[in-house]
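Visitor: Handing you a structure now.
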Amino acid sequence: MMPKSLAFLLLLLIVLTRAVRILCGGDEYDQQFFNAYDQDDHGLSIYGDGGQLKMGYYEQSCPSVETVVRNITWSNVAAKPFLAAKLLRLHFHDAFVRGNDASVLLDSTPTNKAEKDAVPNLSLSGFDVIDEIKAALEEKCNGTVSCADILAMAARDAVSFQFQRPMWKVLTGRKDGKISLATDVGPNMPSPFSNFSTLLAQYSSKGLNIVDLVVLSGGHTIGIGHCSLTFKRLYNFTGKGDTDPCLNQDYAKTLMGLCPKNSPSSFVEMDPYSSLSFDSHYFTILNQKKGLFQSDAALLTDPRSALISQLMRIPGVFFNRFARSMMKMGAIGVLGDGNGDGEVRRNCRVVN
C-alpha cells in the first residue's frame with residue numbers, strides 16, 4: 001500500500017500540473033482538475049437527498065412562475081442594485097440553517113424567536129421582495145409555489161440581472177418548513193471570524209466540499225460588510241492593539257480610514273471598487289491579502305484552497321464553478337413532496 005504522505009504528494013503534483021494548464025490556458029475550463037474534489041461531495045445531490053427537485057416542477061401547476069419571479073426581481077434590482085447581494089445572502093443563510101425550507105423568512109412570535117432575529121441575521125434584508133413575488137404568485141397560482149423555491153429563484157435572478165440571463169439552473173420542488181429557531185443559527189452559520197478548519201467542517205456537514213467553500217466565498221464579490229466585523233483584525237488582533245499580519249498593510253490603513261474605532265455601524269465594500277459587479281475580482285484582491293474578513297483570509301492558509309482561489313481569478317472558471325456550487329447549496333436539506341414536515345405557505349412570514 002502506498003504511504004499516505006507519498007499519495008498526498010502525487011495528488012498535489014497532479015493538482016499543480018492541472019492548475020498550470022488552466023492558468024496558461026486563459027479562459028479554458030479544465031473540468032478534469034476538479035474531478036478529485038467533485039468525487040468528495042459527501043453524497044449531496046443537486047436533486048436533493050430523495051430526488052425531490054427537478055426542472056419544470058411547476059410546468060403544469062404554475063407555468064408562469066419563472067417569468068413572474070424574474071420580472072419582479074429584476075425590477076427591484078434595477079432600482080436598488082445592492083439587492084443582488086442581499087438576496088444572495090438571504091438564500092445562503094436559509095440553506096445553511098435547517099436546509100432550503102424558507103425558515104429564515106418566518107417572523108418571530110410571542111412564544112418563539114425565529115432565525116431572522118438571531119444576531120448573525122439581524123442585518124439580513126430583501127424580505128419585502130420575496131413578499132412581493134409571493135403575493136403575485138398567489139394571485140396567479142394560489143397555494144402552489146413554495147417560499148423556499150421563490151427564494152432560490154430570486155437569488156439566482158438577482159445575481160443574473162447584470163448579465164440579463166440565468167447564471168445557473170434552479171431545480172424546484174422544495175416545500176416550506178414549519179420551524180424557525182434563533183438558536184439554530186449560531187452553530188450552523190459560517191462566521192466571518194472562522195479559521196479554515198472550522199469553515200471546511202461546517203461546509204462538509206452540509207454536503208459541500210473545499211471547492212464549494214472557496215467558490216461560494218466568491219459571493220463576497222458583491223455587497224458590503226459591517227465595519228464592526230473588521231475591528232479585531234484592524235485594532236486588536238492578538239489582544240495587544242495590533243493588526244492582523246495576514247492583512248495587506250496598505251489595505252489595512254485604508255480600512256482604518258473607512259472604519260475608525262468609533263464607527264461600529266459603518267459599512268465597507270467587501271470587494272473594493274467592484275461591490276456592485278458580480279465577477280471574479282474578489283479572488284484577485286483575496287490573493288493580494290485584501291480579503292475583508294478573517295474567513296476570507298483563512299482561504300489562503302490551506303494550500304488546497306489557496307490554489308483553488310488562484311484558479312477562480314479566471315472568470316469562466318469561477319462562473320462555471322459558482323453555478324455548480326449554487327445548485328448544490330440549493331439542494332441542502334430539501335423538504336419535498338410527501339414530507340409531512342413541509343407545506344406551501346400562503347404567507348412566507350407565517351406558517352399556515
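Positions of Cβ are set from backbone N, Cα and C atoms, glycine also.
Remember, it's a predicted structure, so these values are computed and weren't measured experimentally.
Pulled from TrEMBL, these are the listed features:
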type	residues	note
ACT_SITE	His93	active site, proton acceptor
BINDING	Asp94, Val97, Gly99, Asp101, Ser103, Glu115	Ca(2+) 1 binding site
BINDING	Pro190	substrate binding site
BINDING	His220	heme b binding site
BINDING	Thr221, Asp271, Asp279	Ca(2+) 2 binding site
DISULFID	Cys62-Cys141	disulfide bond
DISULFID	Cys147-Cys348	disulfide bond
DISULFID	Cys227-Cys259	disulfide bond
DOMAIN	52-352	domain 'Plant heme peroxidase family profile'
SIGNAL	1-19	signal peptide
SITE	Arg89	site 'Transition state stabilizer'
Visitor: Based on Cα coordinates, which of the following recorded positions are within 10 Å of His220 (heme b binding site): Cys62, Ser103, Cys227?
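Guide: So far as Cα distances go, none of the recorded positions lies within 10 Å of His220 (heme b binding site).
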Visitor: What residues, ordered by sequence, lie under 8 A Cβ-to-Cβ from Cys62 (disulfide bond) and sit at least six positions away in the same chain?
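Guide: Looking at Cβ-Cβ distances below 8 Å from Cys62 (disulfide bond), excluding near sequence neighbours, one finds Leu137, Lys140, Cys141, Thr144, Val145.
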Visitor: Can you tell which of Val97, Cys141, Cys259, Cys348 has the least company, meaning the fewest other C-beta atoms within 10 angstroms of its C-beta, among these recorded positions?
Guide: Cys141
Visitor: To the nearest whole angstrom, state the Cα distance for the pair Cys259 (disulfide bond) and Glu115 (Ca(2+) 1 binding site).
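Guide: Counting only the Cα atoms, the answer is 28 Å.
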Visitor: Which recorded positions (Gly99, Glu115, Cys147, Pro190, Cys227, Asp279) fall within 10 Å of His93 (active site, proton acceptor) by Cα distance?
Guide: Gly99, Glu115, Pro190
Visitor: Within a 10 Å radius around the Cβ, which one of these recorded positions has the most neighbouring Cβ atoms: Arg89, His93, His220?
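Guide: Ranked by Cβ atoms within 10 Å, first place goes to His220.
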Visitor: Tell me which of the recorded positions Arg89, Asp94, Gly99, Asp101, Thr221 ends up closest to Cys147 (disulfide bond) in space, Cα to Cα.
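Guide: Looking at Cα distances from Cys147 (disulfide bond), the smallest one goes to Asp101.
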